[in-house]
């Protein structure tokens with residue numbers, strides 16, 4: 001299977017499939033990512049441990065702090081105690097809450113994330129700004145500044161000298 005088709009199938013599996021955790025599996029929240037496809041997670045009971053990411057998800061699915069996962073326990077692990085079996089997106093979280101499979105300890109966290117996402121969406125302005133109004137070259141403070149390049153600042157004296165030379 002090529003890399004592109006593998007990625008397509010993994011993404012379809014994660015986004016489309018509805019997953020309910022079995023008796024052995026548990027829902028956890030990602031706290032941090034120390035590296036090497038390991039993630040530090042916390043259970044609803046407050047227990048913290050490391051989980052490993054299986055190779056099918058590596059370089060295909062990205063997990064960030066605050067995401068929720070379904071994990072399978074690993075019996076022989078001392079530090080790494082589970083393996084990720086499913087990455088939960090917002091739709092999965094909502095459906096698990098409706099069905100009553102969502103842990104009470106994570107209910108407030110999931111609600112806060114939904115509210116923050118709703119509030120962070122920018123509202124469109126009621127009246128579009130005309131191109132002539134307020135879009136002068138004098139006010140460039142809202143432009144993106146690339147910090148990877150040197151910043152060249154032109155002094156007023158240099159700009160006056162250039163204007164005099166041009167005349």
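Any Cβ shown, glycine's included, is placed from N, Cα and C.
According to Swiss-Prot, the domain 'S1-like' annotation covers 5-89.
According to Swiss-Prot, the feature motif 'Nuclear localization signal' maps to 6-12 (among others). Model confidence over the motif 'Nuclear localization signal' (6-12) stands at 74, taken as the mean pLDDT rounded to a whole number.
Helix, strand and coil content of the motif 'Nuclear localization signal' (56-65), in residues and according to DSSP, is 0 helix, 0 strand, 10 coil. Annotation source Swiss-Prot lists motif 'Nuclear localization signal' at 56-65 (among others), citing sequence analysis.
Under the heading region 'Disordered', Swiss-Prot lists 104-167.
Marked as phosphoserine by Swiss-Prot on the basis of similarity to another entry: 131 (among others).
Residues annotated as phosphoserine in Swiss-Prot, with a large-scale study or a structure entry given as evidence: 135 (among others).
What Swiss-Prot lists as phosphoserine is 137 (among others).
Residues or ranges marked as compositional bias 'Acidic residues' in Swiss-Prot: 155-167.
According to Swiss-Prot, the feature phosphoserine maps to 155 (among others).
What Swiss-Prot lists as phosphoserine is 159 (among others), and the listing cites similarity to another entry.
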